[in-house]
Structures are given as structure tokens and as C-alpha cells.
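Accompanying notes for the structure given below.
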Amino acid sequence: MKPLALPSGSRWSAAHLCGLSVVLVPTCFLAVLFIWPVLRLLALGFGDEAGPFHSYLRVFTVPAYREAILTTFEIAIAVTVLSVMLAYPVAYLMATVSPRMARLIGIGVLLPFWTSALVRTTAWIMLLERYGILNSVLMRAHLIRHPVAFVYNMSGVLIGMSHVLMPFVVFPLYTAFRGLDRNLVQAAMLLGAGPLTLCRKIFIPLTAPGALAGANIVFMSALGYYITPALMGGPAQTMVSQLISFNVSEQLDWGMAGALSGVMLVLTLAAFFLCRGVLEKRLKRRVVTAARPYGEGLSGRSGAGWGMVIAGCAVMVFLLAPIVIVFPMSVSASPILMFPPHGLSFRWYHELLSRPQWAGAFFNSLKVALIAVPVATVLGTLAAIGLARMKGTFAQILEGLFILPMVVPAIILAVGLYYQLTPLGLTRGYWGLGLGQAVIAMPFVFLTVQATLRGFSRDLELAAMSLGAGWFSVMGRIVLPALMPAIVSGAIFAFITSFDDVILALFLTDVRARTLSRLIYENVLQDVSPTITAVAVLVIVLTLGLLLSSLLFQREKS
Amino acid sequence: MMDRPESLGQPVQIRGLEKSYGGTRILQSLSLDIPAGCFCTLLGASGSGKSTILKLIAGFETPDGGEILVQGQDLSRVPVHRRQIGMVFQNYALFPHMSVHENVAFGLKMRRIPRAERESRVGEALEMVGLKEFGHRYPRDLSGGQQQRVALARALVIRPRILLMDEPLGALDRGLRQGLQQQIRDIQQRLGMTTVFVTHDQEEALQMSDMIVLMRGGQIEQLGSPREIYSQPKNRFVARFLDDCNFMSLQNRNVSIRPQHVRVGSSAHVADHVMSGRVESMIFLGTYRRISLTVAGETMTARLSSENMEEFVVGQDTPVGFMESDVMPLEEI
């Protein structure tokens, strides 16, 4: 009996090799522009002349550093708890109203989620500052006599960060609520569970996986936060990211920056793996699809239910307020931001257009995105397609690598790349920044394409082959078209990531090539001027346009 | 059978086919001859190796040994996309981003068939499955049964040498299945298409096939026409796989008898073999009654047609019998 070697068959048994060759380019890209610079930065942490662990020793002995690590932890935990608490009523609301209403609320949550975090922070400052909108309204209503300090302290940081991060909890929590079977709730009620028991024994345990998944993302992101505490906090709210930046740009103490990065990276990765590995695996088994989702066609609510509805509406106001408020503020005639706005004028838009630095910064942003978005899109897509053909531990390691840029705090990458690229002359102009942003945008493309590939049946490829399609036809006519919606929405995600990025832009480019986000940041650091409100409005309109076009594109395709 | 003016189908010969996955043997030296134009059903439980045979014929997997010949030609050196084999997948595998028309036209485009001919062949194929008006629709707008027919049209339009179907009706509900079974069988006979059909549903196999290949553990347990395999099972496994069955030892022979051939009560008196039994339970099932009896310490099942109005009560002693012509001798146990 002679063994057969089908040329076509060997292609399938060699799927792993084929996958490997496809993921080679994105892997090398990340190795050079992500892993290597981060490792070098970490190595610097052990490079102090006074001994390899000197810098680390200082992290834990110098009060300012110790304080900052504790503060970072405190803020991250507080923001996580706040986000989960704020997300519950919204998710409940979304799960218990009509599908059309739920979609509307969903867009209401997505709206701030997609709007530049920098713009939202700016709007919050406008709302909360000493003579800001909230204080004016409260004083006019005679509820307070003196302005309350909402911002440049802990409350400012918590409000700003929860607002930015909360949507990450709403969506997994909503999915968890949808997965809750109504029969289950009714069964519990028939067995004698009151509202409180119902909440404790049914709702919380069954929605916990969703809440945890979201909380994990919030906690990880919060640990590495930089922009919001810098803009909305005071000196007492200095976080580790700020100290890293301070050590690099003011102290030129690379050893300290390396050690602080090492500590922060260990904390972040610990949080990441703890949740992903231990908790999710244990909780995932409980996730089921409900035959009759709880809340579908719910008739009548209990008192507690109405309480949740009111809380949900309040959170929605909290989510949308900063976005809505910049519109009237941008057309105020007054040179001082006050509420209600005085007179109607477009003078700030005129000023914006008459000052070339704004238009210049805008075009710089576009030029950088023109590098970041195509690179991230192509590499992220290749990574997802290649990985789908691979199995085993090595594939899992690679998958981790492709998500990692999302997990590692941007400041670490920014500083690492700064150290790496400056000698090459790449921290002037667009290329260094564009490639750096491609690194942080790639995971978004990778994840969206990967999600679509999971739903993509391998049988489609086999069917095409049995109908006479060779490898190129299968790729070009079947795989890529099926992935197109995911690739496009991944690219839009990548664009928004690039457009919104401040941290990399602070380190990886010079004043001539500075992007719009960096210019806004530098302005807000001084003062929130009416011109900024006009910029904010334009940025919001731009991102909204993108969001809508992406939604329309997806609807058309599916 | 019908006459076949221009038979498309070609004979398939499988010789000593071997396949293992990670140390587990899926197929053990399997040989099988399928004549041209034959509707051959591979029947078996999951894990019996039936789907693997299909994948090997299509070329999605490489055999570890043995050969597959179609019209005498060894397929081993032919890549998947040049095999000219039609395949209908379990979940249809329709391209979601293409209309019905584009799905069916895909194989012809790959073969660079000129547009005019392509259009007319797509039209014919859609008409054959009764979906002529659905060309502009997308797969998601179709019901499961309609999607199944598009998949069939797509596989047939390239005029394949053989047609492979992997549990194509598994995802459909019962009523729909029966209509489609008939339709598939009609089209297959009209085209004279050699078809290899995989299912785990014995009723479907009995209804549709010219030849049933019953598989177990990567080997062929028995093959033959539906009538043969139903009424001349080789052993208990085959007998039981196709329908309920009673087993007993009769004059030192191992025999089996189908429940519908067991007579109970007054009709048993005129049977060739008469025994005494006791009624243990009775279930009314519409067209028949199922009666469980104890006969000589063994359980026996009888199916009594609803026309038989004779009353029985549980615990009652009654004669039980069957005709010698209904006895199915087993070659092995």
C-alpha cells in the first residue's frame, strides 16, 4: 500500500506553517517597535551605577514615589468600583426597555465612548471648575454660597476617569443581563424570593461575569492613566504615569523611569492575567443564552426597579452632559466661559480658522493617521488571519502578544520608543509617531477581525476550493470580502485611537509636527479658553460622523 | 429505475483507505465500490468514520494509505480545486456576501465559463431546485430548506463527477426534511449522479439510497440495498441500528425478529412458532400499539397495528408467535 501525498491535502496539514508565514510580519513589527523598546526601558531600570536594584529600592523608599504608587492603586480601585456601580443601572435600563429604546441608549453610551477622551476631559473641566457651569448653576439656585472645588482634586480625577472608562463595563454587563433567563427570575419569585434576595442570589451572581470582565479592563486602563489626572487632578493625585514622564522629560533620570515602568507593568500584567486566567475561566461556565431574556416584554416594575430606572437615567445624563454642553458654549459671545452663554456668535470658530496652528495641527493629525491606520489595519488583519490557522501553546503566546499593546500602559511604550527612536532621528516628523500609534491601534483591528473570523466557517473555504477556487481566489473572493466589515470598523477604531492619542504625541514628535490632540492638551494645561470649545465641537462632529458611517456600513453589509 | 440519457455520474473505487488522527485510527483499510449513478449512503453513529471518507474523497484531508479512484483515475495527485467534485456541506457553507445567483455562479467563474453560458447554466440549476425567482436574494434572507437547495444547485452546476453530501438535512425540521429528501432523490435520479451521502438517520438512509453502507469504528459493518440491509441484517448491531428488533435463540440458531412481525393474542395461534408470554406494558402510539412481553424469561416487543382491536391487560398471559418467513437469521451475534 503506497502512502499518498495529496498536494492539496498537504496544504491543509501544513495550515500551521501557512499561518506562521502570515503572522511573521506583524510579529516582527511588534518585536521591533513594541517588545524591544519596552524591554530596553525596563533594562534601564536595572542600570543604575549604584547597583542594579538601586532604582527599584528608591521606588519603594522615596516617599513621593511610594505615595504615587499607593495613589495610583487607590484611584484605579475607586474608578473601577464607581464604573461598575454606574454601569449597573444603565445596563439594567438597556435590558428592560424595548429593543428600539435599548439601541438608542446603546448609542447614547457609545457616543461618549467614541468621542475623544481628551475632549471629554476638557468639557468636564468646563463644567466643574471654580467658576464653571455646575458652580454657576448651583450658586444661582442658592444651593451653595461659595463655589465648590470639584476639579483639580480627587473628585475631578474620579469623575473624569469614570466617565471615560465606564462604557467598558456597560456592554459586557448588558450582555450578561440579556443572558439572564426570565423563567429563572420567575422561578425564584415563586420559590419565595423577595426583591432583595432576588438581587443577592440571582441578579448579582449571574451578572458578575460581565461586571468582572468590564471591571478588569477599567482597572488595567486606570493604572496607566496619564492625561486625565494630569488635567483634572491636583498635586496629590499624581499617578505613576506622570512620574515616569516627569523623570524622562524633566529629571532625565532614565533609571527611575525604567524602574517605575517595571513596577507598573508588573501590576498591570498581574491584574490582566489574574482576571483572564483565574476568574474568567471559573465564571465563563455560567454564561448561557437565555431562552427568554429577562426584561423582554417585562410588564410592570417593582419599586426597586423604578429606582434603578431613575438611577439609569441619571447616569445617562452624566454620560452625555459634557458632550452636549460644549455645543452652546462654543457659540457664546463672551470671552469668559460662563453659563448660560451670553449672546450668540461664531467668533471662536473664526478665530480657530484664522490661526494657522490649529489647521496645521489638524493636518498633522491626518498625516500621522495616514501612516498609523494602514499599517495597523494591514498588520492586525494579517495577525488575525494567520493566527486562525494555528493551534497550540505557541498560537496562544502570539495571541497574547497581539493584544499586549492594549494592556501595556501607553506611557511605557511612549518613553521606550522615545529612547529607541531618538538616536535614529525618528522623533521628529510623522514616521516615529505614526508607527508608534500603529502599535497601539493594531490590537483593535486584530480583535475585530478575529471576532468575525470566529464566526466565519472554515467550510466556506473548503466549499470554494471544491468549486474550483485556488488559494488566491479563496483569499480574494471569500475570506477578505467576508472580513471587510470587520476590517473597516477596525480601521475606524484605529483612526480614532490615532487621532485621540496624546501620550505618544508628547514624546515622539516635535512642535512642527505636533498633532491636534497634543495641541489641545497643551492648551488645556494652561486654561480652558472658548477657542477650545470650538475645537471640541469640531472633533465631536468628526468622530460622530465616523461612528455613524461605520454603523451605516455595518448595517448595509449585514 | 429511470433511464439516463446522459449520465453524469462516474464510478468510485476506494481501495484500502487508512486514516488516523493523532494516534487514533479513524479508518482501517477500508475498501468500497460505488457504481456509476448510485446513491450510496454512509450510515453510522458519530465517530464511525463516515464523514472522514467524504473529506478524503473531496481532498480536504490526506489519507495515510490506500487510494481513491474515480472512473479509474487516481485522485491522489489532483488538488481539491481540480477534482471536479460537488459537495453539499452540513451547514450549507453558502458565501454570505454573495447573492444566491453569485453563489451558484462561483464555480463557473472559477472555470472561466463565458458569461452567456454561465447565466444559462445558473438559471437551469436554480430552476431545477425550484428557486428561479430567488437569484437576487442573499443567503440570510432564505429559510434553511431554501439555503439547502441553493447549496445543492451550487454543487451541481459545475457538473461534478460525483456529488458528496455531508448530513445535508441534519439542521432542518422533520416536515421540511421529507420534502427535500424526495427532491434530492428526484434530481439525483434525473441526472444519474453518483452520490455519496452521509447521515446518522437510518430512516433517511432507507428512504433515499440505492445502497447503504453501515459503518462502525472505521470499518464497514454491512452493505447492501435498503431492503437487504433491513431484512437480512448480518448481526445484532446492524439489525438494531435500522429499527427495533427482538433477538432470540431458535432451534440453536441466533435469530432476530422485527416487532411488527410478532403476533400477540388470537392471531398468534396460526403462527409457525407459538410461545406463551405475559403482557408487561402497553403504549398507544397512533398507528400502532407497542406491547412489551415476557417470553420464557426474556423481554420481547411487539408492534400491533391499530386495526387489531383485541384488548389486552397488563399481567395477562397470552400466546405470542411469528412466522418462519419473518425470522431473520444472524450470521454472528
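The backbone N, Cα and C atoms fix where each Cβ goes, and this holds for glycine too.
Keep in mind the model is a prediction, meaning the values are calculated, not measured.
Tertiary neighbourhood of the transmembrane segment (A:12-36): same-chain residues 375, 379-380, 382-383, 385-391, 395, 398, 401-402, 404-405, 408, 413, 417, 420, 435-436, 438-439, 442, selected by CB-CB distance under 8 Å and a gap of 6+ residues from either end. The transmembrane segment feature in TrEMBL is assigned to A:12-36 (among others).
Residues or ranges marked as domain 'ABC transmembrane type-1' in TrEMBL: A:69-275 (among others).
The transmembrane segment annotation in TrEMBL covers A:75-95 (among others). Beyond the ends of the transmembrane segment (A:75-95), by six or more residues, the same chain brings 102, 105-106, 109, 154, 157-158, 161-162, 165-170, 173-174, 176-178, 180, 207, 210-211, 214-215, 218-219, 222-223, 225, 229, 237, 239, 293-295, 308-309, 311-316, 318-319 to within a C-beta distance below 8 angstroms of the stretch.
According to TrEMBL, the transmembrane segment annotation covers A:101-128 (among others). Using a Cβ-Cβ cut-off under 8 Å and counting only residues 6 or more beyond its ends in the same chain, the transmembrane segment (A:101-128) has close neighbours at 90, 93-95, 134-135, 150-151, 156, 159-160, 163-164, 167, 170-171, 174, 227-228, 231-232, 316, 319-323, 325-326, 329, 337, 496, 499-500, 502, 517, 520-521, 524, 528, 532-533, 535-536, 539-540, 543-544, 546-547.
Residues or ranges marked as transmembrane segment in TrEMBL: A:149-171 (among others).
Summarising the annotation, TrEMBL assigns transmembrane segment to A:183-199 (among others).
The feature transmembrane segment is assigned by TrEMBL to A:211-234 (among others).
Sequence annotations record features per position, and here TrEMBL assigns transmembrane segment to A:254-275 (among others). Counting only same-chain residues 6+ beyond the ends of the transmembrane segment (A:254-275), those with a CB under 8 A from a CB of the stretch are 38, 41-48, 54-56, 58-59, 65, 69, 72-73, 212-213, 215-216, 219-220, 223-224, 240-241, 243-244, 247-248, 407-409, 411-412, 415-416, 419.
Per TrEMBL, the feature domain 'ABC transmembrane type-1' maps to A:362-550 (among others).
According to TrEMBL, the transmembrane segment annotation covers A:368-388 (among others).
For A:400-419 (among others), the entry in TrEMBL reads transmembrane segment.
Feature annotation from TrEMBL assigns transmembrane segment to A:431-453 (among others). Using a Cβ-Cβ cut-off under 8 Å and counting only residues 6 or more beyond its ends in the same chain, the transmembrane segment (A:431-453) has close neighbours at 26, 29-30, 33-34, 367-373, 375-377, 379-381, 383-385, 387-388, 402-406, 410, 413-414, 417, 421, 482-483, 485-487, 489-491, 493-495, 497-498, 501, 504-505, 508-509, 513, 515.
Residues or ranges marked as transmembrane segment by TrEMBL: A:486-508 (among others).
Annotation comment: TrEMBL describes A:528-553 (among others) as transmembrane segment.
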So which of A:149-171, A:211-234, A:368-388, A:486-508, A:528-553 is most in touch with the transmembrane segment (A:400-419), counting Cβ pairs under 8 Å? A:486-508
State the residues, same chain only, that lie 6 or more residues beyond the ends of the transmembrane segment (A:528-553) and have a CB under 8 A from a CB inside it; answer 'none' if no residue qualifies. 110-111, 114-116, 119, 122-123, 125-126, 129, 323, 326-327, 329-330, 332, 334-335, 337, 348-349, 351-352, 355, 358, 485, 488-489, 492, 495-496, 499, 516, 520
